[in-house]
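The active site, proton donor/acceptor annotation in Swiss-Prot covers 123. According to Swiss-Prot, the Ca(2+) binding site annotation covers 266, 270, 296, on the basis of sequence analysis. The disulfide bond annotation in Swiss-Prot covers 64-389, 96-101, 156-203, 205-210, 251-264, 253-262, 290-307, 393-418, and the record cites sequence analysis as its basis. Summarising the annotation, Swiss-Prot assigns region 'Hypervariable stalk region' to 28-62 and lists sequence analysis as the type of evidence. Here Swiss-Prot flags 1-4 as topological domain 'Intravirion', drawing on sequence analysis. Per Swiss-Prot, the feature topological domain 'Virion surface' maps to 26-441.
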């Protein structure tokens with residue numbers, strides 16, 4: 001009958017509704033259960049990634065054997081800065097963690113082709129800051145990370161975090177602020193009250209400890225020099241060098257077989273470069289590179305060297321570097337003996353210990369007709385490269401503007417090279433910017 005049919009339809013409809021409600025409840029329970037399980041899985045993955053990303057840069061390997069230098073980066077920052085927002089900088093340097101290489105630089109708190117770039121030939125001001133960006137990129141407000149307030153600086157990575165050292169303050173009482181993972185961890189006060197200053201290149205890390213060299217005192221006479229050992233951004237030991245008649249400024253330091261070697265600038269009376277090497281307990285040795293292939297600028301023509309300071313043209317100087325290989329040495333230097341122009345790498349197979357001026361390899365980096373500037377060393381650890389040795393690298397600052405050119409500003413770009421045991425080439429990789437800029441006219 002019609003009534004029976006309606007009853008059956010009603011029962012079926014009721015059963016479907018009950019089934020639908022059960023289905024919704026089960027689905028909701030499954031989703032809630034999954035949500036409750038997502039967080040611990042996500043946390044586990046996050047912790048695992050952090051564990052993988054943190055290592056100790058041992059620094060126990062020797063420098064890699066090399067035959068020459070392969071171009072690694074060029075930032076073209078002055079060329080780009082004629083139109084784009086690029087910082088006015090000087091004293092750029094490169095440092096690498098086990099994951100990346102970064103360019104560090106001292107800004108002037110100003111952009112190229114802007115009114116605040118006026119007068120930036122000055123070295124020390126309260127506006128100068130240490131910042132960093134990925135290597136090879138032009139330093140701009142859009143890709144750069146603030147590191148420290150500084151007119152002299154250093155930075156390095158121990159495998160866990162970045163250590164930065166930024167010196168700022170008055171000439172007669174500056175303070176170095178140490179930061180680890182971005183947080184202030186320690187300070188070092190000027191002990192001679194005469195322009196405390198440091199490397200302007202990377203510090204060196206071995207087995208979780210990082211090392212730097214600082215200078216305090218005259219730039220044209222006997223000063224005071226200290227080595228500092230730091231762990232997680234705190235000074236754990238320091239030693240003042242007993243180095244009469246030596247002058248150390250702006251040291252370029254690197255690890256080699258668990259020890260540290262630094263090659264520095266003698267601004268007092270040496271046209272060859274002084275060095276200091278030390279172990280992790282800060283037991284040190286000192287000397288000058290003996291080679292008759294002189295590494296500073298200004299300098300005399302190559303001739304007979306000395307294992308002490310070479311006096312002719314010894315006053316003043318420029319930051320530089322060398323890499324020691326046994327009794328041999330790779331010497332980086334300007335091509336011009338009296339101006340900061342050109343750059344070349346020279347292999348002197350006995351130059352660390354012998355005074356003759358013979359060499360076996362010369363590789364051109366920048367032509368003598370183009371400006372260069374400071375240069376310094378950095379290394380790539382096996383944890384970054386996958387090699388079984390520490391790769392030696394260097395950067396060259398290409399200074400433009402004042403005092404040599406008709407601009408209102410002073411700034412620079414940079415290039416870098418790394419040592420390889422394969423084919424390389426001589427060429428010139430200059431800054432290449434056309435000056436003056438609009439702001440200069």
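Backbone N, Cα and C atoms are what each Cβ position is placed from, and that goes for glycine too.
Distribution of Swiss-Prot features across the structure.
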{"residue": "101", "record": "disulfide bond", "Cβ within 10 Å": "20"}
{"residue": "123", "record": "active site, proton donor/acceptor", "Cβ within 10 Å": "14"}
{"residue": "203", "record": "disulfide bond", "Cβ within 10 Å": "27"}
{"residue": "210", "record": "disulfide bond", "Cβ within 10 Å": "29"}
{"residue": "251", "record": "disulfide bond", "Cβ within 10 Å": "32"}
{"residue": "253", "record": "disulfide bond", "Cβ within 10 Å": "30"}
{"residue": "264", "record": "disulfide bond", "Cβ within 10 Å": "29"}
{"residue": "270", "record": "Ca(2+) binding site", "Cβ within 10 Å": "28"}
{"residue": "296", "record": "Ca(2+) binding site", "Cβ within 10 Å": "27"}
{"residue": "389", "record": "disulfide bond", "Cβ within 10 Å": "19"}
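By neighbour count, meaning other C-beta atoms within 10 Å, the densest spot among the disulfide-bonded residues 64, 96, 205, 290, 393 is 205. The Cβ centroid of 266, 270, 296 marks the Ca(2+) site; residues of that chain outside this set whose Cβ lies within 8 Å of it are 247, 265, 267, 268, 269, 271, 272, 273, 274, 288, 309, 310, 314, 317, given in sequence order.
Residue 156 (disulfide bond) is 10 Å away from residue 101 (disulfide bond) when you measure Cα to Cα. Around residue 307 (disulfide bond), taking its Cβ as the centre, 15 other Cβ atoms fall within 10 Å, counting all chains. Cβ neighbour density within 10 Å is lowest for 418 among the disulfide-bonded residues 156, 262, 418. DSSP gives residue 418 (disulfide bond) a strand state. Taken as a whole, the topological domain 'Virion surface' (26-441) shows an average pLDDT of 94 in this prediction. With respect to their backbone Cα atoms, residue 266 (Ca(2+) binding site) and residue 251 (disulfide bond) stand 10 Å from each other.
Checked against residue 64 (disulfide bond), the recorded positions 123, 270, 296 differ in C-alpha distance, with 296 being the nearest.
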